[in-house]
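Novice: This structure is in structure tokens; I'll ask about it shortly.
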Amino acid sequence: MESSFRGEVMKVLLHGCNGKMGQVLTKIISEIKDMTVVCGVDKEPLRFKNEYPVYPSLLEVKEDVDVVIDFSNHVCLNSLLDFGLNKKAALVICTTGFSQEEKQQMKDASRSIPIFHSANMSVGINLLMALVKEAAKKLYQDFDIEIIEKHHNQKLDSPSGTALMLADAINEGLNNELEYIYGRHSKTQKREKRELGLHAIRGGSIVGEHQVIFAGAGEVIELNHNALSRDVFAYGAVRAARFMYGKEPGMYNMQDVLK
Ligand SMILES: NC(=O)C1=CN([C@@H]2O[C@H](COP(=O)(O)OP(=O)(O)OC[C@H]3O[C@@H](n4cnc5c(N)ncnc54)[C@H](O)[C@@H]3O)[C@@H](O)[C@H]2O)C=CC1
Ligand SMILES: O=C(O)C1=N[C@H](C(=O)O)C[C@H](O)C1
């Protein structure tokens with residue numbers, strides 16, 4: 001599917017603009033000719049001096065907006081959806097940590113506006129999803145599958161949205177037979193075949209590492225992805241924003257963007 005964005009200047013609202021990802025995007029979009037940040041929203045609006053106005057709430061936004069790029073917190077979902085529905089703006093939601101109910105809320109709203117959501121904006125992870133799905137189909141009979149993710153010490157949610165996305169890709173390949181096990185503390189029993197373990201490490205400034213382990217008798221296969229900087233997520237978000245400009249209502253993800 002092609003982007004319908006051509007020859008204009010796309011007006012972007014950065015939601016969570018004063019966070020780590022918000023600031024990386026601020027810099028990257030300032031270097032792009034046909035895209036401009038018309039305003040930002042952040043619950044800490046004064047943390048940085050930005051070249052665009054920053055509001056503490058979406059209710060205060062005065063600017064005309066084509067696309068909202070969101071890297072904030074899942075608790076903002078209601079206000080984000082209300083904003084998109086009132087202003088008919090496309091939403092590029094990159095935040096993680098949503099509950100099943102919140103994901104359903106997104107789907108419901110996507111009947112009226114175009115909504116993109118992906119827990120990982122890198123091309124590499126979205127290719128890895130296809131690889132682990134195929135590997136799981138071929139290996140599951142003889143190999144146990146576990147996922148380890150590592151992130152910086154400021155991350156709020158665990159396991160990461162990406163680890164869950166990889167687990168879902170694997171499970172889809174296996175007719176959703178697997179049961180997710182979040183760590184094994186206090187467990188004094190053997191691993192069951194249909195378990196898929198998810199394990200989270202938090203420390204320092206690790207940008208984002210995901211390791212999918214296929215452990216067999218006498219041999220181990222690992223498929224890994226390491227994000228070396230946050231730029232990779234920001235470029236993915238810019239690519240998704242271009243893709244979402246002028247799209248029909250519906251739910252979209254990175255697989256649609258990369259088609
Ligand atoms: N999809 C992807 O590829 C990626 C997703 N993420 C996700 O994006 C989110 C943000 O990540 P970071 O920038 O590292 O976090 P961060 O904590 O550095 O930034 C979040 C920003 O959102 C603001 N915020 C929080 N609650 C708010 C509210 N109620 N109203 C307005 N602003 C609010 C905070 O003040 C902060 O400035 C996380 O959920 C993270 O997991 C992060 C990197 C890549
Ligand atoms: O919080 C982060 O930093 C990241 N979050 C995303 C996730 O939860 O998967 C993506 C990336 O790994 C960085």
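A Cβ is built for glycine as well, from the same backbone N, Cα and C atoms used for every other residue.
Keep in mind the model is a prediction, meaning the values are calculated, not measured.
Per TrEMBL, the feature active site, proton donor/acceptor maps to His151. Annotation source TrEMBL lists active site, proton donor at Lys155. Positions annotated as NAD(+) binding site by TrEMBL: Gly16, Cys17, Asn18, Gly19, Lys20, Met21, Cys94, Thr95, Thr96, Ser118, Ala119, Asn120, Met121. Summarising the annotation, TrEMBL assigns (S)-2,3,4,5-tetrahydrodipicolinate binding site to His152, Gly161, Thr162. Per TrEMBL, the feature domain 'Dihydrodipicolinate reductase N-terminal' maps to 10-121. Marked as domain 'Dihydrodipicolinate reductase C-terminal' by TrEMBL: 124-258.
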Novice: If the criterion is a C-beta within less than 6 angstroms of any ligand 2 atom, which of the recorded positions Gly16, Lys20, Thr96, Lys155, Gly161, Thr162 pass it? List them in sequence order.
Specialist: Thr96, Lys155, Gly161, Thr162
Novice: Which of these recorded positions is closest to Gly16 (NAD(+) binding site) if you go by CA atoms: His152, Lys155, Thr162?
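Specialist: When the Cα distances are compared, Lys155 comes out closest.
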Novice: Across all the protein chains here, work out how many other Cβ atoms are within 10 Å of the Cβ of Lys20 (NAD(+) binding site).
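Specialist: The Cβ of Lys20 (NAD(+) binding site) has 16 Cβ neighbours within 10 Å.
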Novice: Does anything in the same chain, at least 6 positions from Cys94 (NAD(+) binding site), have a Cβ under 8 Å from its Cβ, and if so what?
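Specialist: In sequence order, the residues whose Cβ lies under 8 Å from that of Cys94 (NAD(+) binding site) (at least 6 apart) are Met21, Ile69, Asp70, Phe71, His117, Ser118, Ala119, Met121, Phe233, Ala237, Ala240.
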Novice: Of His151, His152, Lys155, which of the recorded positions has the most Cβ neighbours inside 10 Å?
Specialist: His151
Novice: Does any of Gly16, Lys20, Cys94, Thr96, Ala119, His151 have a Cβ within less than 6 Å of an atom of ligand 1? These are the recorded positions; tell me which, or none.
Specialist: Gly16, Lys20, Cys94, Thr96, Ala119
Novice: Cα-Cα separation of Asn18 (NAD(+) binding site) and Thr162 ((S)-2,3,4,5-tetrahydrodipicolinate binding site), in Å?
Specialist: 22
Novice: Just give me the nearest neighbour of Thr96 (NAD(+) binding site) among the recorded positions His151, His152, Gly161, Thr162, Cα to Cα.
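Specialist: Ranked by Cα distance from Thr96 (NAD(+) binding site), first place goes to Gly161.
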Novice: If we count other C-beta atoms within 10 Å, could you say which of the binding-site residues Gly16, Gly161 has the fewest?
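Specialist: Output over binding-site residues Gly16, Gly161: least Cβ neighbours within 10 Å is Gly161.
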Novice: Between the Cα atoms of Lys155 (active site, proton donor) and Lys20 (NAD(+) binding site), what distance do you get, rounded to the nearest Å?
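Specialist: Between the alpha carbons of Lys155 (active site, proton donor) and Lys20 (NAD(+) binding site) there are 11 Å.
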Novice: Tally of helix, strand and coil residues over the domain 'Dihydrodipicolinate reductase N-terminal' (10-121) according to DSSP?
Specialist: 38 helix, 27 strand, 47 coil
Novice: Hey, does DSSP put Lys155 (active site, proton donor) in a helix, a strand, or just coil?
Specialist: coil
Novice: Taking the Cβ of Thr162 ((S)-2,3,4,5-tetrahydrodipicolinate binding site) as reference, which residues of that chain separated by at least 6 in sequence fall under 8 Å from it?
Specialist: Thr96, Ala119, Asn120, Ile125, Glu149, Gly208, His210
Novice: For the domain 'Dihydrodipicolinate reductase C-terminal' (124-258), what are the DSSP-based totals of helix, strand and coil residues?
Specialist: 48 helix, 37 strand, 50 coil
